[in-house]
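What follows is a short report on a single structure.
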Amino acid sequence: MRINSSDKPKLKQKRGLWSPDEAHKLRDYIMNHGLGCWSLVPIHAGLQRSGKSCRLRWINYLRPGLKRDTFTLHEDDIILTLHGMLGNKWSQISQHLPGRTDNEIKNHWHSYLKKKVDKQTDSSLQSSEADGCRKLPKILFADWLSLDQFHEFQTSGQSLVSTGTCYYAFGSQTTVMNNIQDGSSYSFADSVDHLQLEYAHQHVESNFYDIISDVNTCQNFNNIDAAYYL
DNA sequence: AAGGCCTACAACCGCATGTAT
DNA sequence: AATACATGCGGTTGTAGGCCT
């Protein structure tokens, strides 16, 4: 909805941390009137804040259903996995973590997870250098596995591809490649140590590599790198 | 006890996109 | 089609509190 700028009184806008009183006003207003035009919310709620600031405060802290406790290992693992697939798409990542906001996940990433990943990358680089590991062709996993597909897979527990798949559990640092031969299937498990995704056939004509025919390549996967390299 | 440093988290800013006029 | 405005997103900054010297 567009608002005539002349209808909006110019208030001196407050910035910085929200007081409990401001939060109370905002919560009360939205609970009573519902979500509408954010630019009108501060006017009607009696707040000297921008609509943008109100929106952020509501989304990140006031709306119902938000978790305020610390991130679990399971949540950490989901973030690491999705970040490997999607990059800094915090809003998309947050869709897979009920009760968590994109801002919260972003902060958690920068304050904790990023360091963890950097540490692991350093150590894996050192070990791969020691092993004389060959360079692997690079593709972006997210390019072919869309978020929707992932979400469907996650919620239904169904396999993306039922046969001819290569299984890999990244995030848990455990490569599960033994099932390539017998073709058995995994569902998306709850446990941190069983966060598993399936890689579909990698066809040369679509610029992907056929990892089924190159088990050695699969076995060369190691934790974080696997999100980016096949 | 005081000051400096570090970390986690809250909030802001700029940009992109969508939509109504 | 052009414009103005709302909304959403990601990067960045600001700040409070804890820890260390």
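Backbone N, Cα and C atoms are what each Cβ position is placed from, and that goes for glycine too.
Annotated features in TrEMBL:
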DOMAIN    A:10-62  domain 'HTH myb-type'
DOMAIN    A:10-62  domain 'Myb-like'
DOMAIN    A:63-117  domain 'HTH myb-type'
DOMAIN    A:63-113  domain 'Myb-like'
Report task. Please give the average pLDDT for the domain 'HTH myb-type' (A:10-62) in this predicted model. Result -> 87
Query raised in the report: DSSP says what for the domain 'HTH myb-type' (A:63-117): how many helix, strand, coil residues?
Result: 35 helix, 0 strand, 20 coil
